[in-house]
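> This is the structure, below, for whatever I ask next.
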Amino acid sequence: MPAVPADRPMHAVRIWLAIIAGLIAVMVLVGGATRLTESGLSIVEWKPITGTLPPLSVEQWTQAFDAYKTIPQYRELNAGMTLAQFKTIFWWEWSHRLLGRVIGAAFLLPFLWFLWRGDLGGGLKRRLWIIFGLGALQGAVGWWMVASGLSQRVEVSQVRLATHLVLALLIFAGIVWTLRQLTPRPAIVAPLRLRLTAAVLLGLTFVQLYLGALVAGLRAGRIYNTWPQIDGALIPSAARLWFEQPWWKNLFDNHLTVQFDHRMLAYALWALAVLHAIDAWRARAAAGGALALAVAITLQAALGIVTLLYAVPIGLGLAHQAMAILVLTLAVLQLARFSPGVVQTAQHAAAPSLGQPAQGRG
């Protein structure tokens, strides 16, 4: 029997969202390279429209370089930098911002087209508007992050950097979740504990991504480059972990505490992922997804250790970030397996709204 014509719009929507997810993943990696190459403050202005074009003449390049020379990073870290060296860091930041503009256009224009055609159901339409709003917010958060390094600091705030990264990956996860739900299939029948552990794994993955961004922002991966010991012990002394006052500042500013937290949560994530895989295998429910997630977290932990031991060279740092995106994707998909997939075209009058349970086992 031929495919139902009403499903054709959803096929186009799925392709579109998959492209957007891929572009976001690329942008996150370019952002990681921008951070690792210390390029994020090379453009000291935020011009959403006119900033699309890079400098096109010697005079424009000189103006951009002179603007960079006014900030503390140049004066304290890069004094004596040549114009050729400046161009290298400029292109990283400019590429990162350009990708943001491309993603915005690639999301908005097809979205408006689908809205005009009436292809999107109410639930999907609302969700996509939320995703678009988060994307617009992300641009503002990016400038908020950059602004933190323009007056008194020689780098951006690690807290703002972590916020910027996690928001990008929250948007990415929302798109992946939506893609999975747009694939028409029933939810997997599974014990409640499997659903709960899948949800906890996803939540802890986001916390770990935040901690990883703090490590990157503080350059904390370039110190304490031993494993399994850190600062000469398996568990550092409380005096070293909590010396800043008030105590909670250590969670964000203390290099030792931030790296230690990142390590400890990695161990907890790995243990929970393995237990989840064993439980899923015994319950015969989403066992393949659980195993894939456990393997990915195992590989990510091993890669993180190697990256630490080599003091975060750019190649290993980017590989670690790419693997983190894969872990997040698998964690989202694993939780989504316990939620129903639905078709969301306006023509599917009989289809449940996005997020409404469907019956069946798969």
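A Cβ is built for glycine as well, from the same backbone N, Cα and C atoms used for every other residue.
Not measured: the values here are computed from a predicted model.
I grabbed these lines from Swiss-Prot:
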TRANSMEM  12-32  transmembrane segment
TRANSMEM  102-122  transmembrane segment
TRANSMEM  128-148  transmembrane segment
TRANSMEM  159-179  transmembrane segment
TRANSMEM  198-218  transmembrane segment
BINDING   HIS262, HIS320  heme binding site
TRANSMEM  264-281  transmembrane segment
TRANSMEM  289-309  transmembrane segment
TRANSMEM  312-332  transmembrane segment
> State the count of C-beta atoms found within 10 angstroms of the C-beta of HIS320 (heme binding site), not counting that atom itself.
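Looking across every protein chain shown, the total is 21.
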> Hey, which bits of the same chain come close to the transmembrane segment (264-281), Cβ under 8 Å, at least six residues off its ends?
190-191, 193-194, 197-198, 200-201, 204-205, 207-208, 211, 287, 289-291, 293-294, 297-298, 300-301, 304
> Which bits of the chain, at least 6 residues beyond where the transmembrane segment (289-309) starts or stops, bring a Cβ under 8 A of a Cβ in it?
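Residues packing against the transmembrane segment (289-309) from afar: 198, 201, 221, 224-227, 266-267, 269-270, 273-274, 276-277, 279-281, 316-317, 319-320, 323-324, 326-327, 330-331, 333-334, 337.
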> Go through 12-32, 102-122, 159-179, 312-332 and flag the stretch with the largest number of C-beta pairs under 8 Å relative to the transmembrane segment (128-148).
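So the stretch in question is 159-179.
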> Can you give me the same-chain residues 6 or more apart in sequence from HIS262 (heme binding site) with a CB-CB distance under 8 Å?
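In sequence order, GLN208, LEU211, GLY212, LEU214, VAL215 meet the Cβ cut-off.
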> Through the lens of DSSP with three states only, how would you label HIS320 (heme binding site)?
helix
